[in-house]
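Everything on this sheet refers to the single structure shown next.
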Amino acid sequence: MATSLQAPILGSRPPRRTLRFLSFALFSALVLVVASFSSRKSESGSGLRSGSVEPEYAWTNQMLTWQRAGFHFRTVKNYMNDPSGPMYYKGWYHLFYQHNPNYAYWGDISWGHAVSRDLLNWFHLPVAVKPDRWYDIYGVWTGSITVMPDDGRVVMLYTGGTKEKYQIMSVAMAADPSDPLLVEWVKYDEVNPVLRPPPGIGLTDFRDPNPIWYNTTDSTWQLVIGSKNDSLQHTGIAMVYTTKDFINLTLLPGVLHSVDHVGMWECVDLFPVASSGPLIGRGLDRSMMLADNVKHVLKASMNDEWHDYYAIGSYDVATHRWVPDDESVDVGIGMRIDWGKFYASRTFYDPVKERRVMWGYVGETDSGDADVAKGWASFQGIPRTVLFDVKTGTNVLTWPIEEVESLRMTRKDFSDIVVNKGSTVELHVGDANQLDIEAEFEMDKDALETAIEADIGYNCSSSGGAVSRGVLGPFGLFVLANQDLTELTATYFYVSRATDGSLHTHLCHDEMRSSKANDIVKRVVGGTFTVLDGELLSLRILVDHSIVESFAQGGRTSATSRVYPTEAIYERARVFLFNNATGATITAKAVKVWQMNSTSNQYYPFTSSN
């Protein structure tokens with residue numbers, strides 16, 4: 001075990017009146033106060049700042065170079081956002097993505113394209129499609145790719161932006177379906193655009209087509225498109241179309257689902273998950289939509305607030321309607337895919353490992369000038385598997401794909417470290433810029449049973465972060481921290497008491513001290529999750545330079561941050577355990593820390609064989 005350094009943590013608050021303890025951790029969702037964008041499709045990628053404009057920080061080349069991730073998906077250069085058309089095809093994983101091939105900011109949006117054998121090491125291919133027709137001159141935006149079961153054609157259906165910024169659907173096809181790399185794509189000018197917004201839908205509120213089911217009986221696809229209806233109650237909606245060829249499409253009556261007061265839905269996804277029986281632990285192809293013991297996850301990205309929500313329910317393919325199991329946690333008002341900087345997620349089925357894999361992009365929160373100086377902007381989050389949580393029966397589990405573990409190198413183990421109230425313990429792990437951390441925590445049981453303080457209405461975003469002291473939290477880890485803890489990113493648990501006396505457990509990310517720069521967005525984000533009787537609190541953290549991803553309780557919830565330290569970089573980055581609770585001692589039962597290898601990220605060597 002490493003030598004410990006214990007020091008008081010600054011920041012405190014007076015104790016509150018309390019309620020009697022009843023039970024541990026029930027699921028709830030917290031609404032964070034965030035800045036909203038008027039339209040994601042014209043987003044600059046620079047983040048939003050409140051109040052007066054801060055002067056730009058004097059970034060050095062050394063600082064900017066450090067920010068580049070080592071094992072997350074990244075472009076070779078320039079701007080990236082939404083993942084599009086992920087798939088496995090003829091021995092290669094493909095990822096298409098929204099991309100500005102010319103500059104490190106939003107604009108000239110095209111489909112970037114990369115391939116991999118393992119979802120970690122990537123070859124970048126030529127841009128698949130560019131905005132060069134009247135029907136997509138403002139941007140080739142998010143869409144999907146489908147392999148036709150009858151003749152093997154590979155069809156791209158995408159959202160195009162006209163010069164008026166109207167959103168319409170167009171088709172491109174792989175020029176050579178026998179090419180495993182799918183390098184060349186051909187737009188079908190004679191039929192494009194194949195779809196326009198239907199009556200009642202705004203001309204700029206119609207995007208992100210995604211197939212959800214193939215009916216083998218009549219060889220038709222059902223696909224969803226996201227939108228909103230402001231003539232109702234700022235209602236987010238998903239419409240269902242049918243098609244046999246992705247050229248002739250028919251709108252079905254009604255909508256797949258709608259929720260009032262949540263605004264525009266984009267990047268809608270609907271997929272099956274096994275809820276019981278022999279398929280548990282496996283991802284399901286969309287052909288399993290009608291299988292027994294299957295639930296259906298509806299996910300949508302909320303354009304008003306830039307977060308991805310989901311709900312679990314049932315899809316009736318005959319009526320093309322989806323119904324949530326619990327309306328109180330419907331799409332847009334309940335469960336989040338991730339509480340932080342993670343957006344526009346899209347899943348695909350991996351037939352090789354029989355799993356459903358989710359991609360989501362992680363944008364910048366620094367200044368646009370800093371991105372230009374770096375020459376790139378944004379990452380994709382680590383690809384995650386998605387499974388139904390059979391233990392709770394109420395949520396999904398998202399977890400880093402198993403291939404990530406192949407990047408682990410030197411490992412340090414720590415066990416039974418007691419972290420006293422108001423103290424920190426440094427974990428001497430060596431290079432702390434690329435890490436995979438697994439930790440389990442146990443709280444003093446006497447404190448749980450005797451604590452009577454109430455944190456009524458506690459949520460991470462308005463709590464004051466890791467410096468705010470309560471009886472039962474916060475406690476967790478500081479990563480990307482400097483030695484004197486004046487710069488750090490905190491990922492932690494906080495146990496609070498509700499009005500009924502029950503205890504709720506929160507996973508939070510505190511970015512407020514993550515950088516000494518002022519021209520970046522810094523927030524505290526997070527939400528609650530379920531902890532069952534007998535479970536230790538578990539946390540996995542992936543640290544990859546300026547991106548930090550945390551997963552609690554096996555993936556019941558997660559949070560992602562972009563951070564831009566000025567001092568806690570290179571050899572000056574540190575890791576600490578901390579406990580800022582006023583009424584409980586915390587024991588880190590087991591902490592495992594691996595230094596992580598980097599992945600390759602290069603242009604495809606076309607002089608070699610495929």
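Glycine residues also receive a Cβ, built from the backbone N, Cα and C atoms like all the rest.
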Same-site substrate binder from Glu56, Glu184, Glu266, Glu305, given that Swiss-Prot records Tyr79, Met80, Asn81, Asp82, Gln98, Trp106, Trp141, Thr142, Arg207, Asp208: Glu266
Disulfide-bonded cysteine for Cys508 as listed in Swiss-Prot, from Cys267, Cys460: Cys460
Max CA-CA distance, Å, over listed substrate-binding residues Tyr79, Met80, Asn81, Asp82, Gln98, Trp106, Trp141, Thr142, Arg207, Asp208, Glu266: 21
Spatial neighbour of Arg207 (substrate binding site) that is closest, considering only the recorded positions Asn215, Asn229, Cys508, Asn597 and their CA atoms: Asn229
C-alpha spacing of Gln98 (substrate binding site) relative to Asn229 (N-linked glycosylation site), in angstrom: 26
Collapsed DSSP category at Asn580 (N-linked glycosylation site): coil
For Cys508 (disulfide bond), the number of other Cβ atoms found within 10 Å of its own Cβ: 28
Cα-proximity to Asp82 (active site), 10 Å cut-off, over recorded positions Gln98, Trp141, Asn215, Cys460, Cys508, Asn580: Gln98, Trp141
Across the topological domain 'Vacuolar' (39-610), average pLDDT on the 0 to 100 scale: 95
Conformational class of Asn459 (N-linked glycosylation site) under the three-state DSSP mapping: coil
Fewest other C-beta atoms within 10 angstroms, as judged across Tyr79, Trp141, which are the binding-site residues: Trp141
